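J.: One structure coming up, written as structure tokens, with questions to follow.
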Amino acid sequence: MNDAALAPDVSAALERGLQAQSLDAAFAAPLLRYLALLVRWNKTYNLTAVRDPREMVTRHLLDSLAMQPYIASGALADLGTGPGLPGIPLAITRPQLQVTLVESNGKKARFMREALRHLELGNARVAESRAEALAEPAAYDHLTARALDTLAGIIAVGGHLLRPGGSLLAMKGVYPHEEIAALPAGWTVGEVHPLQVPGLEGERHLVVVRKG
């Protein structure tokens, strides 16, 4: 399947979303190629519970891209990335960002390798590993973990990967007062950004946590 096999309204929804997020319309083509590949592999390998490509545009692509204004360059580790979310959309739209996609599930890691090859995405790589087992201490400027755990839980498994002064960018729903209060010593909240995701109802926040 290529992007041409996706219904026209899928492409239109993505283009509207990119415009709402002030992103170049040229990113639609590689994002649709990634989406088409995900739809095809998902039928066999069950990479995501979301099946409808229209819903994938909102819940996977546009939701992932909501954080991109707050991360421009440097090295990013995306922990428990699944099929590459948010790491692959971020790598597409932020070519100066070096993205490591950390995922222990073999079929998801295989999918991501194929996606990177298919997209010729040279600024991303796959690390087939659990985050806590990845032996790359202080190698990253940024961490993100869209689908993992509490803030303290993310720090427990992946905090060693972040350099001093680096930032954890955590996507959350409602403002996570309790999680912020439970941060371990040496970690502080820098900013909390309310996010608007085109087509997605409900609260979304990006919590930026700094490593002391």
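Backbone N, Cα and C define each Cβ position, glycine as well.
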J.: Which one of ARG94, ARG117, ARG146 goes with GLY80, LEU85, ALA131, GLU132 at the S-adenosyl-L-methionine site, as Swiss-Prot has it?
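T.: My reading of Swiss-Prot gives ARG146 as the candidate in that site.
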J.: How many other Cβ atoms are found within 10 Å of the Cβ atom of ARG146 (S-adenosyl-L-methionine binding site), counting all protein chains shown?
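T.: There are 20 such Cβ atoms around ARG146 (S-adenosyl-L-methionine binding site).
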J.: Near GLU132 (S-adenosyl-L-methionine binding site), which residues of its own chain have a C-beta under 8 A away, given they sit six or more steps off in sequence?
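T.: GLU132 (S-adenosyl-L-methionine binding site) has long-range Cβ partners ALA156, VAL157, GLY158, HIS160.
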J.: In the three-state scheme derived from DSSP, which category covers ALA131 (S-adenosyl-L-methionine binding site)?
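T.: Note: ALA131 (S-adenosyl-L-methionine binding site) is helical by DSSP.
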